[in-house]
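Asks: Structure in structure tokens, see below.
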């Protein structure tokens, strides 16, 4: 699909940005968190922490402007960080996300990040930012095993305070739970509880790097569904199609099922297996077609497909409900039109597709492998990713009519959530002449096949020769030629009969004489050829030679009768013979002639 030059150049300028960690500058001015409002969302199996921070530059004799600020992760949670995003408050567009670089601070362990401000902060100025973090596998089931009829409870441990390298003047924290059934929670600062909410604070004058364990034990029956491993294969064809296939390994990472499973109780009691997973919805692109869903056994017919205006919604229902510790594996595939995702300008191509797509709500992917299969002959491959990914050496993929293989881009990433559903751009060059390669290969293959068959049928692969068989083949060939010549000779008689009839009508003697001459000439030639073939049969020692000789004699009699019919016709036309007498004579001649022809036919059948 041709696109405007400006649009393609914009795609070509997009670049993946994954810088190495750097050290924070010691001369950076010390900032202050004037006000922090934290929201900890624990309503699903993810921990989503959002902090609205009013960042101030107090000055304190320093005239240096603050072009960036530092973020720190809680030591207990940093290993399970899946997503970190920072925005200026009030600017929700994705383009307004601030640049975040991982950094290090001397004398401090843990993970730190430098966030670049859109406008440098002058002394005495303030800026409001929103820090969003998502953590996976930090909600631990407690108890770790439950029966089918029991509810699921989990424990979360975090920090009461906003963990920051800067001091905080005031801070509040609101915790959103999955239910109002809470077993226990920490009581720092006399928190208030309302339904499924816990409100802490305000806390005042909190020093930098402050920590105080926050712990809550509550009921959470939301789907603890985790994709332990996923392989996403994208195969690009310049003939108008992009094939996508996803191999998914699923596991219920909640409390492990203890004891037996009763399907009767599961279907009879609505609250039986309340923490189990019956089904979930996958969102496919709106242009998806030829969708299939199968597992190791085969096609799964319990799935449902709903086509919407902006997407295709697929309800995936495994063959059995998933309880804690249970696993399943399935494959989803579909086709997409390439004109919606593939752009080109001359030999320059840009593929823009999602690195990972929606599998289910609140998704967690422990390990993702993405393989992008480009057309054979693609070169100068470059990958632009919106976040850091790991690349493996490119591979080669062979399929129908490939000669030297299709290049395959292999990329990996661990610990992904919904925020990672973003586009990846692959640039490459491709000579359009190579599109003729496969059709030409098909033509060449058929040409070679037919040529081989022609040569094969003409070759003699017998180890020893059979003289008798060869003789039979020669006799059969000669006999076939004799049959052809005899039929031609009989055709001459019929043609001469027509000549006699025309003569009787026109009374033109020249017509009859010309017919006689033609009959004699052609009959003589055919009879001579038959005699030659008769000699060859005699040479081969075939008893068919006698039958051909007998047929020659019968034919001579037929010829005499044919010529006699011509004489009778001349006498009739000249008035030397009455019509009644001519008719009777003609009947006698025709009868004898028919007997002779019948005998000839019997001989031909015997041949």
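Glycine residues also receive a Cβ, built from the backbone N, Cα and C atoms like all the rest.
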Asks: Hey, which of 220, 299 does Swiss-Prot call N-linked glycosylation site?
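Replies: Going through 220, 299 one by one, Swiss-Prot flags 299 as N-linked glycosylation site.
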Asks: Cβ neighbours within 10 Å, counted over all protein chains: which one of the recorded positions 187, 538 has the most?
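Replies: For the recorded positions 187, 538, the Cβ with the most other Cβ atoms within 10 Å is 538.
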Asks: I'd like the Cβ neighbour count for residue 299 (N-linked glycosylation site), meaning other Cβ atoms within 10 Å of its Cβ, all protein chains included.
Replies: 9
Asks: At the level of the C-alpha atoms, what whole-angstrom distance separates residue 299 (N-linked glycosylation site) and residue 187 (N6-acetyllysine)?
Replies: 53
Asks: Using Cα coordinates, what distance in whole Å links residue 538 (SUMO2 cross-link) and residue 187 (N6-acetyllysine)?
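Replies: A Cα-Cα distance of 123 Å.
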Asks: On average, what pLDDT score does this prediction assign to the topological domain 'Lumenal' (25-434)?
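Replies: Averaged over the topological domain 'Lumenal' (25-434), per-residue pLDDT gives 92.
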